[in-house]
Structure formats: structure tokens, C-alpha cells
Amino acid sequence: MSDYVELLKRGGNEAIKINPPTGADFHITSRGSDWLFTVFCVNLLFGVILVPLMFRKPVKDRFVYYTAIAPNLFMSIAYFTMASNLGWIPVRAKYNHVQTSTQKEHPGYRQIFYARYVGWFLAFPWPIIQMSLLGGTPLWQIAFNVGMTEIFTVCWLIAACVHSTYKWGYYTIGIGAAIVVCISLMTTTFNLVKARGKDVSNVFITFMSVIMFLWLIAYPTCFGITDGGNVLQPDSATIFYGIIDLLILSILPVLFMPLANYLGIERLGLIFDEEPAEHVGPVAEKKMPSPASFKSSDSDSSIKEKLKLKKKHKKDKKKAKKAKKAKKAKKAQEEEEDVATDSE
């Protein structure tokens, strides 16, 4: 019995023991690591389910699946890294709200997970791309939205790693970039969405309401009391961040798939035809083209034009011949009438 108990003890989460948080006064414990592993499992589960479902669809219908699989897999990697107590640096806190009895300096050093921000950099653009696709937003506008989203993640990464109050400058720039993306989606994209029907507009408004609440209210609040303001312990911070990340970067992208299918993939313009390759295998030896091949390379439209011109030319020729014959017959008739008149 004692051996069984020892085995169970050894089978627990030992990430903190194997990868100790050396140099950090405020860091996650085994409880925080357990929660991070839970979020990792949810993200990975969605990815594992969606990949086989994607392969059941034709290649041209898979783009919607890509937009849901990508953020889940990216965040699963980020959360596995954080749960393993890796991908972090100790940063001296600016504010002395959280304290421990073992810290040597005040404020102490807080554990900052840069792995989270790397995950955001890779995953955050996908919900924005999904919203852009609902309205058929032009490609360059989508690229602009994605670029501003990346500015948000980079600014917050720098803000989390900076000790001085200059961190709030990067924090503000990041929020500004997020606001610009939301304005772009609620103006340019929403005008395009309205043209596609009320049902598409309702889906867009619902999704954007959730995204804007989480992005412009929940995330700034969370950062302000965790990595920025050092108010919450890292364990509490992982729970706060984990819930928001699951909602915006995991659940929303997955929900987009059935809704897109309900609205109609073709209607949303999310079907991409791919022509099969003409040549497979070794490249054949090139030969000089013959004159006949140049003739056969004419486009269908030019051939049709030539045929039409030929037919028209033939018709005109026939009409001219008929007119000539009629003229000759008329002339002969007039001559006969003149001869008859002279004989009388």
C-alpha cells in the first residue's frame, strides 16, 4: 500500500521542482501550474478534434478550419511552456503591493511569462481575420488590422518587461492599436457585412461585442493588476489570463466554424478553388514549338471572333452575288422589252 501511495505522489505535477523559479520572489506554485496545464489541455483538445474534421472536407473548404486550429495550437504551446514553469524572466516590480517574507529587495522580483506574449503574437490575429472574412474585407485592410494587432502584443510584452513607469507608455500604445483595429472592423468591415444580410450582421455584432469587451476592458484590467501593477499573485494572474485567453483565442474561433457553415461558406466567399498541377513527375524535355502549335495556342475568344468574321464575309459575298444576278436579269428583261417595242 505504501508503494502505491509513493507512486501516486511521484505521478503528480513536478514542474516547479524540475524547473524551479530561481531569481523570482513572486512566482507560480504547483496550483498555478495545474491550472495552466488545464488550459493547455483544452486548447490541445480543440486542435486535436478539429484537425481530423478538417481532413474530411475538400481542400477548397478548409480555410475556416485553419482560422480555428491555428490559435488553439499556438496557445497550447504557450500554455504548456508556462505550465512547465518555462518561458519566463524575473523582472523587478515597480510597485510593492505583493510581498513575501523571503525577498531580499523591496519591491521584489516578479515572474513574467514572455511565452504568453509570444503565444498572443501568433494567435491573436486569427479572431481578427475571422471577423474580417465575414464581410469580405480587402486583403490590404486585413493586413493592416493584423499589423496593428501585432503592435498591441509587442507593446505589452515590452511593458511587462520594463521596471520603470515607462511601461505604461507601451501599455497605452498597445491599447491604442487595439482601438484602431476595433474601429477598422466596426466601420470598413461592418459596412461590407451589412450588404450580406441581417443574419450575417447579427453574428458579426455578437462576436465583435465579446471581442471588444475582452480586448478593451478585461485584458487592460488584468494587465494593470498583474504584470503591470503587481497587485495579484502570479497564481491568481494565471487564472485571470487563462479565462480570457480561453474565451477569445479558443472558444470564439471554434464557434466561428459552425456559424460560418450555417451562414454559407459560398455566400461568405470562403471557398478557394485550387487547380491541380498539370505536370507530375520528371520534367519532360523541351522541344521547339512548331508553327501549328502557335496556331493552336489562340484563345477561344479569338477563334470565335475569326469564325464570326468568316461567316459574315460569306453572307456578304452571297448577298453581293444575288444582287448581281438580279441586276443582270433586270437588264436582260429591259433589253427584251426594247426589242419588242422596236419590232412593233
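Glycine too: its Cβ is placed from the backbone N, Cα and C atoms.
The compositional bias 'Basic and acidic residues' annotation in Swiss-Prot covers 297-306.
The feature compositional bias 'Acidic residues' is assigned by Swiss-Prot to 334-344.
Residues annotated as ubiquitin cross-link in Swiss-Prot, with experimental evidence given as evidence: K286.
Among the features that Swiss-Prot reports, phosphoserine is placed at S293 (among others).
For T341, the entry in Swiss-Prot reads phosphothreonine, with the evidence type a large-scale study or a structure entry.
As annotated by Swiss-Prot, phosphoserine applies to S343 (among others), with the evidence given as a large-scale study or a structure entry.
The region 'Disordered' annotation in Swiss-Prot covers 282-344.
Taken as a whole, the topological domain 'Extracellular' (1-34) shows an average pLDDT of 80 in this prediction. Summarising the annotation, Swiss-Prot assigns topological domain 'Extracellular' to 1-34 (among others).
Under the heading topological domain 'Cytoplasmic', Swiss-Prot lists 56-62 (among others), citing sequence analysis as support.
Annotated topological domain 'Extracellular' per Swiss-Prot: 84-119 (among others), in sequence order, evidence recorded as sequence analysis.
Annotation source Swiss-Prot lists topological domain 'Extracellular' at 163-172 (among others). Under 8 Å from some Cβ of the topological domain 'Extracellular' (163-172) lie the Cβ atoms of residues 91-94, 155-156, 220, 223-224, 228, all in the same chain and six or more residues away from its ends.
Swiss-Prot lists 194-202 (among others) with the feature topological domain 'Cytoplasmic'. Note on the topological domain 'Cytoplasmic' (194-202): residues 134-136, 263, 267-268 of its chain, located 6 or more positions outside it, place their CB under 8 angstroms from a CB of the stretch.
Tertiary proximity for the topological domain 'Extracellular' (224-238) is limited to same-chain residues at least six positions away from its ends with a CB under 8 Å from its CB atoms, namely 26-29, 31-32, 35-36, 82, 93-98, 107, 110-112, 159-160, 167-168, 171. Look at Swiss-Prot and you will find 224-238 (among others) tagged as topological domain 'Extracellular', backed by sequence analysis.
Sequence annotations record features per position, and here Swiss-Prot assigns topological domain 'Cytoplasmic' to 260-344 (among others).
Counted with DSSP, the topological domain 'Extracellular' (163-172) comes out as 6 helix, 0 strand, 4 coil.
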